């Protein structure tokens, strides 16, 4: 989740009293949470990065409620030049940039810096794919160069840390956090001005020379990265912030660019889609008029033009979340109002019957509850703790958050994370989960039973496993010693039923407990329910 904060009085002072109620109502349309305190807290799902700042959110709300038209504005050409050195192609090859000119940034400075960091975390994947530098153009002199420089060069960072770039990488907080994104080399990427002054060392830190202040009116924004599309997305998100704040955007002349090209950037803005009204009606379950579709899409920030039986829809560049017609229809329904969608009774063509697999899962659930355990549910998508030994083979290609970047391949790590989040509860903690995982590309349903107690060892889970199997299966079980990821060697093993492997059992290693911030002993067993059912039948 992405959180945006602003003092309520500051919001009212800048945008007027009506904007407060406007944003509160807009939450029901978009689907964000709005916490009404002295400091307003707005919490978003990660699917609308164009709204993750107060100026862009206010702009979208005004378009929706005041029917302010979207202008298909074109970027102007700037006389500023940026030369791209061939050396950066091996380190951080992609570059885009723009110039923004307008009023003094004033109180929006904090909004801008917060939005920059949000883009770093979301689109930029913690600066791995994209990093952004924002500079006061009046404090420097173009043309600029995106090139490489020696780590022995000296610089002064935006917060007055002074030393060699090597010092910055090793001692400055930003350097220590992000130096791993650069290859082990004697040179680093840098953006220099006409006189060789260092504007920034991407993706690490900006120099003090072009530090932005509330009085700044002219900005030069550099966007560098490892992924061309991500650089393009960040370009439009930042450009939208400035345009929402009444700034003019112009594009510098890029020499030697490795992409995205100027044409790629311009073509992404107001990209066209043909939306058939029958297609909309099929999703809505009711007939809609061309006028209705156009009105509601314009309220959601699209350019929509008649062309019966199709509507021509042009998607602004900052709507990086829109990947096809279904996304456009979803926005139409949000504007149309989900409460206005007519309910219909769909008569089933068959007679229902219980799913046998689900019935057996219920029996398993009853048995484990009877053994004194509480059921929990964790996310199928995960990522944070799968740095080693990941066997799922299913990763999200473009995750909104690295914490939800893979489909889990086991349950016990998720349960450890859950226990770590509930340390305030008294011991013992006896929990279980029945859930889907993917192992080596195959979907399986697992049962994981876990005990946290000051005396919990593998023998604890072994006795629980024995009791469980006796209540559910008459077949002979056996545990064969095996090293299990995250467990103590010699206190973990593989579970066999009638000679066939059905799961694993183990006592969690102290180092694993430490990684999760846990201190008490934990043991568990995890079995494949399908294998258990096959033995049961």
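Quick reminder: no glycine exception, Cβ is built from N, Cα and C everywhere.
Swiss-Prot has this to say about the protein:
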type    : residues           : note
DOMAIN  : 268-343            : domain 'B5'
BINDING : 321, 327, 330, 331 : Mg(2+) binding site
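Per-site Cβ counts within 10 Å over the binding-site residues 321, 327, 330, 331 peak at 331.
Apart from 321, 327, 330, 331, the residues listed for Mg(2+), the same chain places the Cβ atoms of 47, 319, 322, 326, 328, 329 within 8 Å of the centroid of those Cβ atoms. In three-state terms derived from DSSP, residue 321 (Mg(2+) binding site) belongs to neither a helical nor a strand segment and is classed as coil. Mean pLDDT, taken over the domain 'B5' (268-343), works out to 90 on the 0 to 100 scale. Counting residue by residue with DSSP, the domain 'B5' (268-343) contains 34 helix, 15 strand, 27 coil.
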